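J.: Found this in Swiss-Prot, in case it helps:
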COMPBIAS  212-229  compositional bias 'Polar residues'
DOMAIN    157-203  domain 'LysM 1'
DOMAIN    245-291  domain 'LysM 2'
DOMAIN    325-371  domain 'LysM 3'
DOMAIN    409-455  domain 'LysM 4'
REGION    210-232  region 'Disordered'
SIGNAL    1-19  signal peptide
Amino acid sequence: MVSLKVCFLLLASSELAFGAAPGARSRRRGTAPANPYDKDTTSYCTWWLDYNEELPCDQVLQANSITLEKFRRWVSGGQSNTPINQWENHKANHKAKNPSITGNCEGMTVGKSYCVEAAFEPTPTASPTGPSGPTGTPGTIETPLPTQPEIAPNCDAFHLVKQGEDCGTISATYGITSAQFLAWNPSAGKDCTGLWANAYACVSIVGHEPPKTTSQAPQPTPTKPSNGIETPLPTQPKIVDNCDKFHLVQSGEGCAAITSKYGISLAQFTQWNPAAGSNCEGLWANAYACVSIIGHEPMPTPTKPSNGIETPLPTQPEIVDNCNKFYLVQSGDTCTTIVSKYGITLSDFTKWNPKAGNTCAGLWANAYSCVSIIGYTPKPSPTPTPTKPPNGIQTPTPIQNGMVTNCNKFHFVENGNTCPVIQAKYKVTLADLVRWNPAIKADCTGLWAKTYLCVGTL
């Protein structure tokens, strides 16, 4: 059963989400309704919605993370209705009966209150569910509440997710693969950020054969495919079939640290672990990643190509082959700070490190970037010095390419600044900012931190 403290934490976050909805004057009030309500409302209600303004029913369901079936059950007396003593006097003053919610989510009336949570109601029994194939006749399966959103309808085993648990540890506990866990709990997401604490996850479906259990807690059972390589569990989702070496990802580890340890490139790692994603956002902690495949020969660290230049590892993806100078990107570095340090242009930097992208969004921390190539003569590292154009206005540096020459007011962009924030501060429009600073683009995705932005002209 969800503790009252956790329940209220969940309610608080849900109330914020609902309060942010357009025109949301209807709000989750608390443990007592302010408006009249249906006399058949469940006595187990722990949170109410005071419906003071018309809102789509589906928006109400989404904001409160409930299903239509639960909503109808709670407001129409689907459970026992023994009165709760603390609400007796309140109920006597609200005798008007609200209409029942229909099967197509209609029937809500402005000025009424509706139950949107019954945290302690008895666990209902799910209807028997059967698999799509001929795997026998299943019996009645009880589904505990609350569950993760969108669990498999034919689930027959459940795990109550505890605070701090992740998809990898749960998969390991039950001897299932990451792919199976995701298929049965799709709302968890490939990066497991959608997994809810204090809610039940599906860890088996009808017809699934779980690993044999002992008197002790189940342990991950390595699998031995036809190639003879034992695969430990759980693995990252969708790793390659011909993997012959594995690494258990620790909490806080990134792709760059792993590739450096095993002398492989970032491109190889993401090819063998595609669910990790090009920016490593899908890497799971406490799950095994593939760090070698059959026939792979690991690179020595560092490498010395035919040009005689040692290349440290790991590098940014797809850096040029003729690089002769490298910089280890630190957390918080931007393309602007790096090019300023080495006296190179942004054009050169993105040419040598193409995966960084024009907006620098693809730059990886803790990986080496190329800051010079064979035959390139760098400019002396300049000291930022204000320039004085013919209009007499000094322009601070650094600035983004293409800024207008008649600017007379500048704003230094800090981390976290956005175009709307800057617009409000200087009372200018987005069209003005884009016209004066074309590099930021019409949707402001090209705005760079630690550079000066034009916010006024002559």
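Glycine is no exception: its Cβ is also placed from the backbone N, Cα and C atoms.
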J.: Averaged over the whole of the domain 'LysM 3' (325-371), what is the pLDDT?
T.: 87
J.: Tally the residues of the domain 'LysM 1' (157-203) by DSSP class, grouping H, G and I as helix, E and B as strand, and everything else as coil.
T.: 18 helix, 8 strand, 21 coil
J.: In the domain 'LysM 3' (325-371), how many residues does DSSP assign to helix, to strand and to coil?
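T.: Counting residues by DSSP class gives 18 helix, 8 strand, 21 coil.
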